[in-house]
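The next block holds one structure in the form of structure tokens; read it before the comments.
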Amino acid sequence: MAGEADGPFKRVLVPVLLPEKCYDQLFVHWDFLHVPCLKILLSKGLGLGIVAGSLLVKLPQIFKILGAKSAEGLSLQSVMLELVALTGTVIYSITNNFPFSSWGEALFLTLQTITICLLVLHYRGDTVKGVALLACYATLLLALLSPLTPLAVVTMLQASNVPAVVVGKLLQAATNYHNGHTGQLSAITVFMLFGGSLARIFTSVQETGDPLMAGVFVVSSLCNGLIAAQVLFYWNAKPPHKHKKEQ
């Protein structure tokens, strides 16, 4: 029995999904109704699933822009504010030594969001501005991750995520409303972001216990829900130039 308990199954689960006490509780004593350990297992599993999914979540958006050779319908201000919010989460989480499963997707989404920023600028004819933006962003990121940056500054950056998320999503919602369609906005990306932010409310409470982190995801879920609702509402709407081509 001891050999089974110390087998490869345990070596995979214990460092990744469960503390040893919970592994013993669930898989040695077979107590599958132990709520605290089940919460840990669910939170870690969801967290790792979100992190894995984040590797792909914005790729449909990137491919849609590349395929159309256009970023029509995407608000640059909204994308940049989302980049600010994601960067704040990454820096705050690293500074506070939060487990990677509780914030890892923010890192991958940051890389994909900066790519979208560059594509929007490129297809607007501002490629040089995009390169300058990337250089400035990298410099600022290194400065914020430096030990010389006060914790108060990092905390303030994370607190600014709420207005950044709200304003950014409202700008995108306003763009959609003004255009009467969602342009090159990817429905897959929008719905994945909505689902991920909802799941993150639970995992951030469970894994970090940080009300600031949880609050950001609550607000993010509401805003992502608004954009998702617009995607459904404008599902059959097409940009004017497409109507002209069909006529």
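Keep in mind that glycine also has a Cβ here, set from the backbone N, Cα and C atoms.
Per Swiss-Prot, these features apply:
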MOD_RES   ALA2  N-acetylalanine
DOMAIN    39-105  domain 'PQ-loop 1'
TRANSMEM  46-66  transmembrane segment
TRANSMEM  74-94  transmembrane segment
TRANSMEM  103-123  transmembrane segment
TRANSMEM  128-145  transmembrane segment
TRANSMEM  151-171  transmembrane segment
DOMAIN    159-216  domain 'PQ-loop 2'
TRANSMEM  185-205  transmembrane segment
TRANSMEM  213-233  transmembrane segment
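Between the transmembrane segment (103-123) and the stretches 46-66, 151-171, 185-205, 213-233, it is 46-66 that has the most C-beta pairs under 8 angstroms. Among the listed stretches 46-66, 151-171, 185-205, 213-233, the one sharing the most Cβ pairs under 8 Å with the transmembrane segment (74-94) is 151-171. Within the chain carrying the transmembrane segment (185-205), a Cβ under 8 angstroms from the stretch's Cβ atoms is held by residues 42-43, 46-47, 49-50, 53-54, 57-58, 60-61, 64, 73-74, 101-102, 105, 172, 176, 213-214, 217-218, 220-221, 224-225, 227-228, 231, 235, all 6 or more beyond its ends.
The list of residues near the transmembrane segment (213-233) in space but at least 6 beyond its ends in sequence, with Cβ under 8 angstroms from a Cβ of it, reads 85, 89, 92-93, 98, 102-103, 158, 161-162, 165-166, 168-170, 172-173, 176-177, 182, 185, 187, 190-191, 193-194, 197-198, 200-201, 204-205. Here the transmembrane segment (46-66) has Cβ contacts under 8 Å with residues 16-17, 74, 99-102, 104-106, 108-109, 112-113, 115-116, 119-120, 123, 184-186, 188-189, 192-193, 196, 199-200, 202-203, 207 of the same chain, all six or more residues outside its ends.
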